[in-house]
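S.K.: Input: one structure, supplied below.
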Amino acid sequence: MISFVLPSATCDFQMSSSDKGWLTAAPMLGMVIGSYFWGCLADTKGRKVVLIGALLMDGICGLLSSISQVYWLFMIMRFLNGFAITGAMGICFPYLGEFQPNKYRETILCWMELFWTFGVIVLPGIAWIIIPMEFEYLTDSFKFASWNLFVAACAVPSILIGLWLFFFPESPKFLLECGEADAALEVLRDMYASNTGDDGGNFPVVSLREKVRTMSVVSQQSARSIRSLRIRKPKELKLLLREIWEQTKALCTPPHLRYTIITCLIQFGLTTSYYTLMIWFPELFYRFEEFENMHPNEKATVCEVSSVVITPNATLGHTEFCGEPIADSVFLHTLIIGLACIPTSFWLPLCVHRLGAKFFLVFSLIVAGAVTVGLYFVDSTMTNLILSCIFEALTSLGISTVYCVMVDLFPTNLRVMAAALSLTFGRGGALIGNLLFGFLIDLNCVVPIVLFATMLLGNDHSVIILE
């Protein structure tokens, strides 16, 4: 979202290049800090309540950012947006997966990838409709323009979905893990009634065997459910923190250590490359358009374009904040990149049982790595667009496949925390990658291309040893 509002926000907040860099980094920094926080809460307090909290926080902070009148407040709100939305991203896969039987779980989770694609397509469409509108509400101390309306529109879905989730049940697997067998059975009865149309009382299972909670600190010291612990009470807070610490240690010791390391490495390589290059592709589009305007009918590589375009602009100061509005081609290119994801989004759930999740991970990493190498040979806006489409389709496919695999790799009590830990590595890598790419692309553009291609291709080895 930030990439679409940046030109207008730069004008209103009179941002320098460093200000824009911090604003772009703020949501990612929030994701790095928030990932493990939400994961710990979800594995101790429940999937549903934490998912609702994360979504409502994201929506409210989004609305507040849309009416922010000063740069620092807008940046803080976007940081909190990143902090909140990473919780929803890490929890939604385990939450959905824990309602599915093993036979269908992988396929249904893969169908969720299709809705990520819908989001990638819908966002530039909404931006293209709202941002170019000549709309502005202005008073002595308040300004609300079309770009503010776009920010507010992007916040509404989180609020609506967060409120909708109040009518959904808690994960029955999580309830059983917490020792709440009766509550889990009640959820299963409701699921039976919804799926069959029959009365829930006719559900053939009359009781559930409580899981032996050998790893739970709470179960060793009391018969209470971990969900009942209150943070406001010091003794219960201490018990809750001990539970989180024990679960964290479990992730970092055998037999889970191997899977923790592998998934963190895969997320780091995929997410670093994905977020860095997808944020910088529009910049490459701009550089090629500038070069083609300056040198009609000439071909040049990314490195040659950078050296030609950047040199004359290097002497410009930061006194002029209000430039040209976003060109229609930027919206169109982003829309095309989203549409390019549709084939892989359908391919994954339709063939994941036949080909296996490992095949999709290896395939996406190899092709995405090859496309990254191909960036060096890009010589026009069109070839840049084609490679952007392939890269987006394959990396988003790989990231979604990792989430699907993790649901099966880790037990219920560690599942969300493991996803959150890998998310932390991924978002941290994305933050570092953006800072490095901005510095290296002008210094020596071969270095970031080789770096990201190596991370993608090198992760193939990690996937191959993943069982």
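Cβ atoms here come from the backbone N, Cα and C positions, even for glycine.
In TrEMBL, annotation is done automatically, which means it is predicted and not curated.
Okay, so TrEMBL annotates it like this:
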DOMAIN    1-467  domain 'Major facilitator superfamily (MFS) profile'
TRANSMEM  22-42  transmembrane segment
TRANSMEM  49-73  transmembrane segment
TRANSMEM  79-96  transmembrane segment
TRANSMEM  108-131  transmembrane segment
TRANSMEM  147-167  transmembrane segment
TRANSMEM  259-281  transmembrane segment
TRANSMEM  330-352  transmembrane segment
TRANSMEM  359-378  transmembrane segment
TRANSMEM  384-410  transmembrane segment
TRANSMEM  431-457  transmembrane segment
S.K.: Which one of these stretches, 49-73, 79-96, 108-131, 259-281, 384-410, has the most C-beta pairs shorter than 8 Å to the transmembrane segment (330-352)?
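M.R.: Against the transmembrane segment (330-352), the leading stretch is 108-131.
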S.K.: So if I exclude everything within five residues of the ends of the transmembrane segment (79-96), which remaining residues of that chain have a CB under 8 angstroms from its CBs? That is, six or more out.
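M.R.: 26-31, 33-35, 37-39, 41-42, 47-48, 50-51, 53-55, 57-58, 61-62, 65, 108-109, 112, 158, 171, 403-404, 406-407, 415-416, 419-420, 423, 427.
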S.K.: Near the transmembrane segment (384-410), which residues from the same chain, at least 6 beyond its ends, have a CB less than 8 A from one of its CBs?
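M.R.: Residues packing against the transmembrane segment (384-410) from afar: 93-94, 97-98, 105-106, 109-110, 112-113, 116-117, 120, 251, 256, 259, 263, 266-267, 270-271, 273-274, 277-278, 281, 284-285, 288, 302, 333, 336-338, 340-341, 343-345, 348, 352, 357, 360-361, 363-365, 367-368, 371-372, 374-375, 378, 418-419, 422, 426, 466.
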S.K.: Restricting to the same chain and to residues at least six past its boundaries, which positions have a Cβ under 8 Å from a Cβ of the transmembrane segment (147-167)?
M.R.: 1, 4-5, 8-9, 12, 48, 51-56, 58-63, 65-67, 84-85, 88, 123, 126-127, 130-131, 133, 135
S.K.: Who are the long-range neighbours of the transmembrane segment (49-73) in its own chain, taking Cβ under 8 Å and residues 6 or more past its ends?
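M.R.: Sequence-remote neighbours of the transmembrane segment (49-73) are 13-15, 19, 23, 38, 41-42, 80-81, 83-88, 91-92, 95, 141-144, 148-149, 151-152, 154-163, 165-166, 170.
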